[in-house]
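Asks: So that we are looking at the same thing, I have put the structure below in structure tokens.
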Amino acid sequence: MATQNMNFDRAAPRALRKLPSEINILLVLVGIALVFEILGWIFQGQTFLGNINRLKIMILQVSVIGIIAVGVTQVIISGGIDLSSGSIVGAVAMVSMSFAQTAEYARAVYPALTDMPVIVPVLIGLACGAIAGFINGWLIAYTKIPPFIATLGMMVAARGLAKWYTKGQPISFPTDSFAFLGSGMMPVLIFLLVAVIFHVAMKYTRYGKFTYAIGANPQAARVSGIDVERHLVKLYIVAGTLAALAGIVVAARGQTAQAGMGMMYELDAIAMAVIGGTSLAGGRGSILGTSIGMVIFGVIISGFTFLRLDAYYQEMIKGAIIVAAVVADTYRQKKRVKKA
Amino acid sequence: MLDGAGASARGVYTGDYILEVDQVRKEFPGVVALDDVQLRIRPGSVHALMGENGAGKSTLMKIIAGVYSPDRGEVRFAGEKLEIRTPLDALNSGIAMIHQELNLMNTMTVAENIWIGREPKNALGLIDHAEMARMTQALFDDLKIRLDPQAMVGDLTVAQKQMVEIAKAVSFKSDVLIMDEPTSAITETEVEHLFAIIRDLREKGVGIVYITHKMNELFEIADELTVFRDGKYIDTVAAQDVTRDQIIKMMVGREITDMFPKIDCEIGETILQVRNLTLPGVFHDVSFDLRRGEILGVAGLVGSGRSNVAEAVFGVRPATSGEIRIDGEKVDITAPPVAMQHGMAFLTEDRKETGCFLNLDCIENIQVALLSSGKVDNRGFVNQREVNRLAEEYAAKLRVKTPNLAETVANLSGGNQQKLLIARWLLTKPRILILDEPTRGIDVGAKAEIHRLITQLAAEGVAILMISSELPEVLGMSDRIMVMHEGHVSGFLDRAEADQVRVMELAAK
């Protein structure tokens, strides 16, 4: 078995191939932004991209959902789906806010537990998200029910919990330190932190490699020595925890928590992942792609508002774009596999 | 008119060739899959199409069946140029195909599967299920297939599903029937059955294209054969005029003198002891020893529990009773990671289902077992440079043919996929290697290379358990052979005393 002197210039083509999927998405982003810029000059007589304030607001609007999308992307790469994130946002907003109220407010949920250090509501909120994620993951991994059903159940249940928690009453008057988590550009910073951490995790750790392998072929992953069930539980815990983090940021930013918060966020997060090149068939996608997908999402919303397009049209066009992204993914997948 | 199997609705064509492929060329980005090939099928004959994986056989069949369109050249059917754009066009023109992969709908009945799109309707225009069942029964009677038309396809064994596919193809009453490795998943008895059906169709004037890797089948059933190599047409000859060695030479362009190059090597101490392993209803009281440097072959018919024993030893589906000892110590293998900790590796039988990550690239396929063994990471962080280096080293050692290791594995030939999977396990430096059908569906050249590699590993002291449906492989490679029959070990044979007859006696009892 002679080791042959074959030519190994493999590192280069590998890197070259890995990049394009994200570069394509980046090009789409640039294209869409330029279209709005041009339309802006034609219809509004002003710049779209040149307005820093607009860009700031745009990124602020999407980064909370972006935090969720980072978790949802990982779940989708593993071949699953998470519909419960929006409801977890609502439930965690309520729960964490109830531990973050100031003593000055007379009708706090827990009058004895006011003016707590900020770490308390944050940890309690994250723990709630982790527990919800654990239940999702455990059901999916060990009872083998489809992720769609398990997380649909959690979506309904968590929303119910959010409403039951104060019998529908909003919770307000957070401490300054809690409100700080949602102030200014904090949501964007938190998103960036989360995105960088999980970008590294997905690309450079076993955690990430196993996620891709499970999404590509769960049986083969199992026979290759991966504890598929345990890994799935981990993934859904991550997704639940990140949704909880988004819930904390939402509550802190609004300085109030309502049971209806985060409604439909799960779908926007899935859309960001899909627009960013994550394959619903599993096995492919990246946090970088999702981050670009998030910005595309923001540009579109902010662009439509900028053009004074009616909100109804906005939603219809948003829907079309999501479908177009999936069609593009299917087409890419076909091209990747040249011959059967 | 759809009743039963039989000759074409269009009558027997009287010209010399029913199907002619002339100067067909097909390119994919970066590869010439077919380079001006030809193929001529006579009515009422069985024409074998041979070639290594990647020779272009499947591509040509897909052109004939309308899945791809050729860049150049033409396909003539009964003397007329064929314009096929979809698989349905092909069927309507009188060309039916049995694909290598099963294309059945598991949640529908046998009858529904066969007549899908052609369902008989009653006066109201609704599907007439009774008539459909009757038609299926008539078809099965004609083909002597014993299956319930109302059975759920998902409940059938792979071999039974294959028979349903065959019946479905026959039911189109085509003039040309293409079979792409129809015997890769069925047992000896069913192969005989299939051959009886083929001979019957041949007598009725059907032209049959038969793609296979198995030499003995070729000589049993084929009248003529055409060989492709690397997308090029090599030759067409009458089956009776050639020898096995000549065909192999045509296919690989070189002589392969020793197919099973087992070299004698020192057999060391016992490393794996299996005692009374039982999984009720699947296998019972299986006991064997495996020693360092030994190749223990496992023979038996499909369904005899061979693969299940391997899965139990590796923890994929653990046994409920019995014990496994490694180096004399009792171990409790509950899951694959446990088996890997004890130095085991397991190449599964089904490359596509449980082996490859088809959508991922070569590196990602090779590295996975090494990563899960936890030998190359630093607190969870993967040293990708080191992993890439190892992957490249082993891909080169195993002579994996691919433009680069960033290629998507789905684009590789079966032989190269198999080599990648072997590389995946060799990276973990196993002491015990379990191989389930290590050379199934791969070409002669790659086969010989894999055999050489297995021998090499044994010589290095790895203990090897090798399951194979191919008797020559088991006989040629093994130091000892364990034969299984209906979930029980029916006997052991030493290399010296083993031959085809004795193994079959034990396997079929």
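Note that Cβ sites are derived from N, Cα and C of the backbone, with glycine treated the same way.
So TrEMBL lists these for the protein:
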type	residues	note
TRANSMEM	A:23-43	transmembrane segment
TRANSMEM	A:55-77	transmembrane segment
TRANSMEM	A:83-106	transmembrane segment
TRANSMEM	A:118-141	transmembrane segment
TRANSMEM	A:147-166	transmembrane segment
TRANSMEM	A:178-202	transmembrane segment
TRANSMEM	A:233-252	transmembrane segment
TRANSMEM	A:287-307	transmembrane segment
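Let's see these features in context: how buried, what's close, how far.
Replies: Under 8 Å from some Cβ of the transmembrane segment (A:147-166) lie the Cβ atoms of residues 75, 80-84, 86-88, 90-91, 93-95, 98, 109, 132, 135-136, 139-140, 259-261, 266, all in the same chain and six or more residues away from its ends.
Within the same chain, residues 21-22, 25-26, 28-29, 32-33, 36, 39-40, 43-44, 48, 54-55, 57-59, 61-63, 65-66, 69-70, 73-74, 195, 198-199, 202, 268, 271-278, 313-314, 317-318, 321, 325 sit at least 6 positions outside the transmembrane segment (A:287-307) and bring their C-beta atoms closer than 8 Å to a C-beta of that stretch.
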Asks: Who are the long-range neighbours of the transmembrane segment (A:55-77) in its own chain, taking Cβ under 8 Å and residues 6 or more past its ends?
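Replies: Answer is 49, 85-86, 89, 147, 185, 187-188, 190-191, 194-195, 198, 202, 211-212, 215, 235-236, 238-243, 245-246, 249-250, 253, 265-266, 268-270, 272-274, 276, 278-280, 282-287, 289-291, 293-295, 297-299, 301-302.
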Asks: Under 8 Å between C-beta atoms and at least six residues away from its ends: which parts of the chain pack against the transmembrane segment (A:118-141)?
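Replies: Distant Cβ neighbours of the transmembrane segment (A:118-141) are 80, 82, 84, 88, 91-92, 95-100, 147, 150-151, 153-154, 158, 175, 177-178, 180-181, 228-230, 232-245, 247-248.
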Asks: Short question: which residues 6 or more past the ends of the transmembrane segment (A:178-202) have a Cβ under 8 Å from it?
Replies: 56, 59-60, 63-64, 66-67, 70-71, 74, 77, 96-97, 100, 118, 121-122, 208, 211-212, 238, 242, 245, 248-255, 286-288, 291
